[in-house]
Amino acid sequence: MGEALAQGDRDYAYQLLDIEGDAVDARSLSVFFQAAPCGATTRTADFDRAMEVVSRHWKKMDEGLVNVMLEACVGLRDSQRLNQVLSFLKRCNWELPPSWSNSSYSALIKALGSTQQMHKAQELWQKIQQQGIVPNEHMFAQMIDVLVTGRKFQDALKLFQEMQQIHTCRIRSSGVAMAYAMIVKGYTQQKDAASALRLYEEMKAKGVQVGVVVLNTLIDACCRTGDLAKASCLLDDMADFELCPDLITYSTLIKGHCAKGDLDKALELFGAMRRRGIKPDAIVFNSLLDGGARKELPMLCEQVVNDMIAAGVPPSNYSASILIKLYGRISDLDAAFKVLEEMPRKFGFRPNAAVYTTLMSSCTWNGRMDLALALKNRMIQDGQLPDEKTYSTLLRGAMRSGQSEQIAALLWEALEQGEARRCQLLADDVAQNALQSMSRRASSNLGAEELLQRLRAAGYEVRRPQGKTSHGHDRLDAQGGSRRTKC
């Protein structure tokens, strides 16, 4: 059966199972859960088929089969099927017997966590304690993982401290290492890089196993806080632990150095990862593309795109947005429009609202409000609806060019679109500044009072702009108007 499953012939494997009949054992049944194909639809169908077979041979179940069933639920991340398994186990008198091993409890905790049933995992933990069972370090680590993933970090920290007190002699075990790794992750989720690094120093001092995941988590935390020097030290630590940096390591560091403006270091790391035989992904290439765009280096960016294509990584909407922003900065609108015209067609993606909006921004920045407005109409024809960023970009462009008529038209359009979509498509400060710009430049109020009332009715916190308004209106706003939000 195992050979048939390995070759993908599941129907023949089930035929062999039927031939064995009552002679089938738990080990044979477990193979059907372990050999599920990769496609999500196929996997759920095979899981259901395997469950149907197990239900016919339920008397053959043992703890190993139970664990395999639970692990299959983890892979599916399907709470409905997990509950189906738990109900089946209950009918077979497998509901939390005190004889369950730590590994079985760990598998169940993991399954509950993977299906976002943290409250049930916590209830299970309480039942385990009530039965007088002392969880081993692996079970502690699994529960800590569930709590950290469920954003219950303080509960995870309390459990971690309890584990340290109970399993002081198991400090070098893989379970303890996993628990430390999850607490490091928890600190980084809290944006507390300092505490994460202190825990890392504790791991080294106590001889706790340090893996690539922990170091990658710490490197990411350091890059997010801009501490690239510490991130580089952590990369050096990998060699001390005889660990090899992986794609995530290099991707995080390259992105961090590009964001910091150190493009030379990012390119040096890019060369190092390629020498190690690590294939760059879209994140790496787009990070380098962004780094080159920040430095306004079009030739370098074009080379990155060529390398990207050569590596079999197709450019995306994000890549297009970066290039368009670059060409806008160097006032090459022809090149920016060429990206919109050619890249989506060549690489099979549809330009999204972000691409159109970035090109609009480039146009307004270079004094071509006419092109920006034409792009808005084009994006709508292409099935992309303008969003808050789109209207903010266009309004700021209209304000820079002093076009009160355009400002009024865009405000009305954003209001109407927002009402149709039941959302606000302007930030309060953008709407306020647009009204103020109109009041300073308009020879007449262009319906500004009506616009003001419509904005307020739509939930915007805007005040009557100072300028060409009556003193009576100003006094009313001073007494009862909403506070103006700064731009």
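Keep in mind that glycine also has a Cβ here, set from the backbone N, Cα and C atoms.
Residues or ranges marked as repeat 'PPR' by TrEMBL: 101-135, 176-210, 211-245, 246-280, 281-315, 352-386. Residues annotated as domain 'Pentatricopeptide repeat-containing protein-mitochondrial' in TrEMBL: 122-232. Residues or ranges marked as region 'Disordered' by TrEMBL: 461-487.
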### Task
State the mean pLDDT for the repeat 'PPR' (246-280).
96
### Summary
The answer for the repeat 'PPR' (101-135), taking Cβ pairs under 8 Å and residues 6+ beyond its ends, is 63, 66-67, 70-71, 73-74, 77-79, 82, 142-143, 145-147, 149-150, 152, 166
### Query
When the repeat 'PPR' (352-386) is classified with DSSP, how many of its residues are helical, how many are strand and how many are coil?
26 helix, 0 strand, 9 coil
